[in-house]
Structure formats: C-alpha cells, structure tokens
Amino acid sequence: MFSIQQPLLVFSDLDGTLLDSHSYDWQPAAPWLTRLREANVPVILCSSKTSAEMLYLQKTLGLQGLPLIAENGAVIQLAEQWQEIDGFPRIISGISHGEISQVLNTLREKEHFKFTTFDDVDDATITEWTGLSRSQAALTQLHEASVTLIWRDSDERMAQFTARLNELGLQFMQGARFWHVLDASAGKDQAANWIIATYQQLSGKRPTTLGLGDGPNDAPLLEVMDYAVIVKGLNREGVHLHDEDPARVWRTQREGPEGWREGLDHFFSAR
C-alpha cells in the first residue's frame, strides 16, 4: 500500500493519457493535479514532445519548475532547483537532432524510403496534422535529439528502414500519432530512472513511483515504475508489460484524462 503522503513521484505521458488525443483537453484530471500539487507530489511529464512544447504545457497544467522528460527520453529538463547539476538546464542524450536529420536525408535519397518529417513542412502544415495553434505547432519543430515523421511506405519497407536505423545506432519508435527516430541508447525508462535516482540522492530516500501511459512507447517507462496505470488508448497494439500483477497495474475503462483520473482514483481514493 502507498499514499500521497509518503515520498512519491508521478510520471505521466501526455497525448492520449493526461491530454485528450483529439482536443488536448485535460480538465477531467484537474482535481487530481491540484491535490497532488497541494501534497507536494511532483508530476513529471514524459512524452515524445519537444522540451519547448512541454515547458509551455507545464505552465498550463500548473507544473512549472518540475523536471520533465522530452523526446521519448532523449532530453531531460532539470528541475529549477537543480542548478548545481552538470548540464543544467537540460541533459541531452546521444545523437543530436541535426545528426539524425542528416542520416534520414541520406537514407531517403539513396534508398528511397518514403516519409515526411516535421522538418520538411511548415507550422501551418503541422497545425493541419495536429489541430494545434500555429504558435504551438512551431514549438513541435524545436527538436534537440530526435526527429518526428509520418511514415508513407509499406510495412515491409518499414522493417528494412528500422533495421538500417538500428545498424546506425538509432531506434524507430511509434507514438500516439507519429513515428520518432532517436538514439538507440535513449528511452523514457532510462530518463525516469535518472530522475528517481536524483530525487533519492537529494532526499536520502527512494520515492515510490507511479506511471501513467497509453501507448507502446510508454511500456519501458511503466516497466520501471512501482505502480502503473495503462490508460485505455487508440493504439491497436496496446500496452503489454512483463509484470501485470493487478496489485501493481491498473487498466482503465476510460480514455485520456478521464482514464488518468480513474487510475489515480483506483490507487489513492481508498487509501
């Protein structure tokens, strides 16, 4: 058993989890966000989004100043009070966005893979794809250690593309809407473990952890959590964990922020 009164960290995916996949609404989760904030429980956002996007969302959600995990773990934005840590304000893992872009351009030109990256289009096009405002769409292009793309080729070619990326030290990861290319060594799980270790070092006690996610790219994060909420999502593959002990893992009946609230209700309301 655990409660929000003990040292606790909550790690949360965004699109399809804390945010509605289509409207980006988060209001159903607002009461729990307020309760966690009042209990001094950090809610650490963890997403494929850029750090620029996530810093904007932190302010919207009342989570400013906390650490966050961007670009599927390739970027860690440090907490405001962690200024003494090397790399402040951000730690970037592995290959840079520019280097990945060069690799992708070479593969497209020489091996004729079909895809469109966010670097190929303007913010107006991204607005059409996502429903975001123009100003928010511009933030989606500020990648530091990954590339986001739409795949426009066959499944067979995707397998070949993935293999080529792996040979070059990169990974190809599916998100809620788009695909992402990043360093093979990066991941939400590694980033979360680093943040957990930092909190433990600063407080002298390892915090209990709860993670929430809805897609296959959230599985590594949820695997390293003490407790996990798998929010019902739109992805046909779903989320599958090695340890799905019902005492540790809760699968919601609701989607998006309604499911996020359901997961928190399950683990805490009776405690």
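Cβ from N, Cα, C; glycine included.
Quantities reported herein were computed from a predicted structural model and do not represent experimental measurements.
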Per Swiss-Prot, member of ASP189, ASP214, ASP226, ASP243 binding Mg(2+) alongside ASP13, ASP15: ASP214
DSSP-derived class (H/G/I helix, E/B strand, else coil) of ASP13 (active site, nucleophile): coil
Distance from ASP214 (Mg(2+) binding site) back to ASP13 (active site, nucleophile), taken between C-alpha atoms, in Å: 8
Recorded positions compared (ASP13, ASP15, ASP214) - the one with the fewest other Cβ atoms within 10 Å: ASP15
